[in-house]
Amino acid sequence: MANVTLKPLCPLLEEMVQLPNHSNSSLRYIDHVSVLLHGLASLLGLVENGLILFVVGCRMRQTVVTTWVLHLALSDLLAAASLPFFTYFLAVGHSWELGTTFCKLHSSVFFLNMFASGFLLSAISLDRCLQVVRPVWAQNHRTVAVAHRVCLMLWALAVLNTIPYFVFRDTIPRLDGRIMCYYNLLLWNPGPDRDTTCDYRQKALAVSKFLLAFMVPLAIIASSHVAVSLRLHHRGRQRTGRFVRLVAAIVVAFVLCWGPYHIFSLLEARAHSVTTLRQLASRGLPFVTSLAFFNSVVNPLLYVFTCPDMLYKLRRSLRAVLESVLVEDSDQSGGLRNRRRRASSTATPASTLLLADRIPQLRPTRLIGWMRRGSAEVPQRV
């Protein structure tokens with residue numbers, strides 16, 4: 001059968017176009033399970049992140065910490081909102097039926113979430129580092145308004161990095177009639193040597209997103225953690241706050257969900273020159289892409305499960321759960337001081353009783369006699 005498209009395609013994309021639709025019953029069963037899992041994940045992600053946004057944004061006192069979480073939840077909500085369309089793509093037999101424009105928008109949301117998540121986690125780690133290493137500076141400059149401005153700058157940077165993926169995203173017909181939504185690196189200005197153009201652009205995209213959205217954020221997070229640990233060790237403090245544990249859990253989930261995707265993206269870039277990697281890259285990318293999508297579903301669960309006595313507090317309200325986790329370090333220190341004051345105040349009656357026990361006990365008859373005699377001598381205890 002002749003090629004149904006006149007668009008110039010890179011070698012890897014040409015092989016993907018020629019892949020036939022599988023008719024194996026076991027593979028179709030896997031497709032059905034995949035559609036079910038993605039459908040449940042999309043519903044769960046929308047509900048979870050919507051609740052987090054509502055509670056943190058409308059029902060909690062606004063702090064720098066809640067500002068970070070608010071923007072992180074917004075990024076996850078955007079990714080979760082795109083999951084139903086990806087589920088529809090799977091349900092109709094891995095064919096994109098929603099047009100080229102929506103293909104570009106849908107894919108851009110995925111990459112926007114990828115960059116925004118990495119940038120926001122970096123900002124959270126740096127904020128924690130400044131609190132510990134430069135407490136006076138943080139006290140004077142660390143405000144909710146500044147945090148919002150930083151988040152807006154990070155969103156702008158994420159949008160800027162997403163533009164190439166929007167530009168090169170395209171719909172490509174397959175030989176079996178299905179439609180792919182993938183990036184066509186020869187869509188704009190292919191140049192005289194198409195193989196060189198494909199190889200250069202594919203490696204540039206894979207390496208740039210691997211560095212900017214994964215390795216650089218992890219380096220910032222790791223260096224910030226080391227700086228904080230050294231400073232706390234110098235002060236003789238090793239106590240870890242709840243929000244620090246929450247950030248650690250989110251970072252672990254970020255690495256587990258996005259790490260495989262970046263590895264396969266690098267394999268895909270390498271597959272342009274190493275043909276033996278092409279089948280592995282084309283088969284593995286859909287699975288690791290789904291895993292990356294699920295990161296937006298996992299994060300809201302971490303907000304709740306890092307809270308102690310989670311089930312008890314869930315009976316009270318989601319707000320109580322989040323307020324116990326998204327607490328500023330200064331608030332925790334203040335709470336600790338208040339608890340110490342209450343403990344000292346409860347110890348006062350005991351000390352008073354001890355002092356009273358040491359004061360000589362006066363019998364009424366002896367006290368009356370002493371007052372009649374007008375003696376200046378204090379009666380002795382008997």
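Just so you know, glycine gets a Cβ as well, placed from its N, Cα and C.
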Where Swiss-Prot splits the chain into topological domains, do LEU19 and LEU285 land on the same side of the membrane?
yes
Can you sort out which of CYS103, CYS129, CYS151, CYS257 is the disulfide partner Swiss-Prot gives for CYS181?
CYS103
According to Swiss-Prot, one residue among SER333, SER344 carries the annotation phosphoserine; which one is it?
SER344
Tell me the coarse DSSP state (helix, strand, coil) of CYS103 (disulfide bond).
helix
For CYS181 (disulfide bond): DSSP state (helix, strand, coil):
strand
Taking contact to mean 3 or more CB pairs closer than 8 A (sequence separation of 6 or more), are the transmembrane segment (210-230) and the transmembrane segment (106-126) in contact?
yes
Counting only residues 6+ apart in the same chain, whose Cβ is under 8 Å from the Cβ of CYS103 (disulfide bond)?
TRP96, ARG169, ASP170, THR171, CYS181
